[in-house]
């Protein structure tokens, strides 16, 4: 795996609103209020006490055994860790008063550390030397410490220079008996007030949305791609017997990116466990030499870092492991050197470690969503070694029973993961996945049985027209009215549901719906519900994307048959877009996705490349590094087939400037295409970090197995 899995929980991974296409990219008034409120609550100056929001990056002991004998050595080590993305940030508050520097827990306001000013030997800024551009350095040593500590903080809301000036003025007053700080605070107070009044900065006009080439364009035809099975499980249907090659390539790309992100988050979680264990070890070492009743140096910060993940975080990781297993089984024909069968063994290493960390399989057993597909279960049965098989069996039915054999009630909800990178997986790909649709009947046709005809007659009381019935399009559902999700309406009251995720119709019987729409229920079968939109269109929607809604949520009552309906109609049929580029661009993009997958999920050093089974010419990759200038950035953007508007907007930046932009900023500058820019930059960062270092996960697992061996020898 690449080092990107060890990326820290830092700002920039949060999701922002998309850039508006009709003018200026703006924050909503509520978002603006919340941002200003957070800023004003975290960064305040009152009387002789100032407070700043900071992120603790690292604490090093200045010790020859650690190869740190000076501040410069400590900075070099921090830069090295940053380049490998091995820094873990911890949000906290830094308070400065005329007696001490205090670190507070950002949530509980509990004091973590108290550094009396006489123990602060040095304050310094470290600017633009690592991925955190504004860093404050403190060297502290109390009378009981034989060696000083070097603390690093990222000043993400107020510049490090400003915090440094505040601390220096407090130190000068303490050492020299002067009164410089009141004047310093007065100037800083004005700067913070000005900053608060202008958040967020004004945005320029939003770019023109990226235009995809249509399916009939010459570039969209005759693409070479892998063969696809003529029939697949679930309600996936095609108008022709073979899916267009470019569409298949896009689907593989999306599934691969989901797999990348899932594996990144699994590695991130394992590395977090390692960091917590290291902090716990350091904490115990420091406690040994402290006096009774007195805190050891840096004890508060280490205690915070040593906290284990919550149960919810363990559940999230188990869900992503199940998702990764499903995707490995689905993509196994497209993965080689190493194969999916080889890679699953490296997935079970972290799984074993995580199960042991949370004291057994009980938490993992409780995780039913997502279920495994039939292919995933067969894949595991055919490839696990006895020890892995024993671990798998210990996790219970929710891990061993495929979706197709799972009881239909209660309904297992659609699983949409949230990734630490901020990348949002395409819901349509997840909706069609075998682990979501196996065992679900297809959308029903209208006239198939007397029961269905009776349902149609009942529904015609609500609908002005009946649906056309294409022959042989799907199988009938098992009718079970009023049994799903606890809806028990009275005969006189209409029933409504709220859409949880977008859904695109694939034939005339299904209905395309958008997230947060409220629709009227005409039929509520087990798996497919017939709904009617405000525009009067009726059709079937899978029940696992529906949530309960009240009639008042609709905003106004639905009109009776024969009257006009209001509101925009959802599209009834939408074909997937073609890949926006020519053949060479498609092949190059698939090469990059393929190469990135092997870097993310293989912790075998010096493995040969794995390839999709796609005929292609060898592309020339345009490099992008932290040393790239504007010309190289522009060439990289053009090589990635971004629109001219994006190339023009971002082509004036250097490599470090482009890499420093987070997802929210890219969305504001690039509109919807900013998500793709962010995704490509994330992949490029991972590639660069992989070149510099080996696998964090391999190192961790080696340590873990060594510990087990030593324990076995000791026993």
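A Cβ is built for glycine as well, from the same backbone N, Cα and C atoms used for every other residue.
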Requested in this report: With Swiss-Prot as the source, identify the stretch among 448-487, 488-527, 528-567, 568-607 annotated region 'Disordered'.
Outcome: 448-487
**Report entry** phosphoserine: annotated position in Swiss-Prot, out of 146, 240
**Finding:** 240
Query raised in the report: Near the Cβ of residue 303 (phosphothreonine), how many other Cβ atoms are there if near means within 10 Å?
Result: 17
